[in-house]
Amino acid sequence: QSIPHFSTTLNAGSSARKRRSLYLRWGKGSNKIIACVGEGATSVPYQSAEKNDSLYSSTLVKREFPPGFWKDDLIDSLTSSHKVAASDEKRIETLISEIKNMFRCMGYGETNPSAYDTAWVARIPALDGSDNPHFPETVEWILQNQLKDGSWGEGFYFLAYDRILATLACIITLTLWRTGETQVHKGIEFFRTQAGKMEDEADSHRPSGFEIVFPAMLKEAKILGLDLPYDLPFLKQIIEKREAKLKRIPTDVLYALPTTLLYSLEGLQEIVDWQKIMKLQSKDGSFLSSPASTAAVFMRTGNKKCLDFLNFVLKKFGNHVPCHYPLDLFERLWAVDTVERLGIDRHFKEEIKEALDYVYSHWDERGIGWARENPVPDIDDTAMGLRILRLHGYNVSSDVLKTFRDENGEFFCFLGQTQRGVTDMLNVNRCSHVSFPGETIMEEAKLCTERYLRNALENVDAFDKWAFKKNIRGEVEYALKYPWHKSMPRLEARSYIENYGPDDVWLGKTVYMMPYISNEKYLELAKLDFNKVQSIHQTELQDLRRWWKSSGFTDLNFTRERVTEIYFSPASFIFEPEFSKCREVYTKTSNFTVILDDLYDAHGSLDDLKLFTESVKRWDLSLVDQMPQQMKICFVGFYNTFNEIAKEGRESQGRDVLGYIQNVWKVQLEAYTKEAEWSEAKYVPSFNEYIENASVSIALGTVVLISALFTGEVLTDEVLSKIDRGSRFLQLMGLTGRLVNDTKTYQAERGQGEVASAIQCYMKDHPKISEEEALKHVYTVMENSLEELNREFVNNKIPDIYRRLVFETARIMQLFYMQGDGLTLSHDMEIKEHVKNCLFQPVA
């Protein structure tokens, strides 16, 4: 006996609200119904439906989803053995206090001595005409700070170029003052035995201006009769490079505008017109913040402002000088970036604001350098400043990057030069992702730097241009794999904790350190704080798993159990302990969007779905008797959970919020129902019609609007109006979430009979285009929408936590759908590793 074909639905394992046809027929000679999907068929036991039960229930059709990867026994076994002890809590408080003090002490920049620059300052003769140094304390510093091997420089970090340069400067100075014979002899011996090592060292290890100043000093040493190996072929090559470089420098350029040549004037003394060069002097009296260059100019001109600058620096450091000073903008920007990337910035909000206010007060539309009065901007500081200032709401234009682009569209560190390094290109790349609509310069910067950085990954030498970092390769790999819209705060913190080097150094004219940027205190706090937060998250996750089981959802055999993966979402971005309730509500609401997604996708008949929707609208538990058993479990769990949430919401908001929650869900279920009706009718909507509904059915708005009640702030009507479904901010969140979902799931779903996706709807509107062209269009719409989302995030004048809720929810979708359906297939994808690193694996 045959029965009419029934049409129901089966979800392919994605969270998209789409359907495929499943035809049911009797199996010949069997009491089973055969579910025929394409060429295949599976048998499931048939059970007579009771009154009001649905032939579409899971007793007829059981969808197969991959099981949840994170088992109960694993979650239950979490005892938070790494919980922060009382002593560690005290240590956290101490570290926070010490780092706050570091921020408060930021003045012109903390850095280490430069033996090279100190040697140049020590050359200055007494102003009274006597045969003595004007700064005898600097000569004494040189005498007292020779290293055991006979060299001068940073003892813990050896670069042949750096040590040879500093040693040559010191032995010349001591020779000029006819002192330190023993030190000079040891220095010469070091030079003779170690100079050859420069030949084996990468060119990228060469200090700034080395090929200018080193040959000039070598010539001076020869005149002084110092016994050095002048005939070494490598030394001759350096001299030849200097001559070639000087020939390429037009004389008019040297005096026309400030360039990095001002940093190395001590090596250009035979060609500089000292009267002309004075017009390029910085306001603070220096020449590009370089004590060595400024000392050379003073000895040639006697300029009082030069001397004032040197006195200013020595007043700060006592008996030595650094390789450049001040470093105030550089220090503040990198310190802010450090605490943000390590995930500890919430402890230093006031300090961060003060630092950024300072930087912004010295912002220039041509760009900035490492110091506020530095006349030569660089792309490194400028890009870092543009990104951080923009994300903190300061009004800065991306046009500032045009200063550093040449006629070929390439970006370089300094105007008019061809130098660039991995660290500065990495900062430009990070900056380029924080773009607004229409900012073509940001897109150009992104393409240029991505190309450069990918090439750099294949070239070991490329990683040592401006900074020697613990794992710059790891930083580059992370940035390329997880750009801004795919990088969550906890994941970035975890990665940077592993890559951050508390002993990192930079390379200017010499090797130098920045203790307020590279500091063990930052790392220690980041580790303690990460593990503390993780232990809180583990307890919350255990509670949520118990909620899932006590609600009877383990009996639902048509849906996905993804409590852990879903909890990972809020834990990855609103991770702070004070947002515990927000994470709980976010997770519970998200779980219901998955359950109801699966229910409306495949399990319920259209009549049953309308009954469920009506029950929610009326908030009427009595209608549950008319529902199939599986739907009863859904509604009772839904009803009880959101009544409890509404009760807690009333306490946090000071007013009844049940009606608000009901209205949020009413809109959500209407969107689900519309898609069910489209599927039933095999209707493919237009692209715009599809997007209007699908941006709601993706359910991100529902999750955010309900979770927002539990951020610790009272939601005024004004704030609600700025994040409700009519706001562009929320619409963009839903739109980008929907589009990234579709781009990764449409092919599989189409093969299962799906009729509508953004790609298919666009192809319906444009019958002549190919699928590839339609997909490209969808990606373009998504990328443009993400740029608009950036602008909304930066410019939206609502409390920070609400901005984060909306923006980070959009970003987590980009992460989940990087490779495919990261929710349904999380056990096969990197999401599994992200969950483990965020929730289970403490940092060591």
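Using the three backbone atoms N, Cα and C, a Cβ is placed for every residue, glycine included.
Over in Swiss-Prot, the protein carries these features:
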| type | residues | note |
| --- | --- | --- |
| TRANSIT | 1-46 | transit peptide |
| BINDING | K245, K465 | substrate binding site |
| MOTIF | 378-381 | motif 'DXDD motif' |
| MOTIF | 597-601 | motif 'DDXXD motif' |
| BINDING | N741, T745, E749 | Mg(2+) 3 binding site |
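Geometry remark: T745 (Mg(2+) 3 binding site) versus K245 (substrate binding site), CA distance 56 Å.
If you measure from the Cα atom of N741 (Mg(2+) 3 binding site) to that of K245 (substrate binding site), you get 54 Å. Cβ neighbour counts within 10 Å, taken over all protein chains shown, single out N741 as the most crowded of the binding-site residues N741, T745. Among the listed binding-site residues, namely K245, E749, the Cβ with the most fellow Cβ atoms inside 10 Å is that of E749.
Under the DSSP three-state reduction, E749 (Mg(2+) 3 binding site) is assigned to helix.
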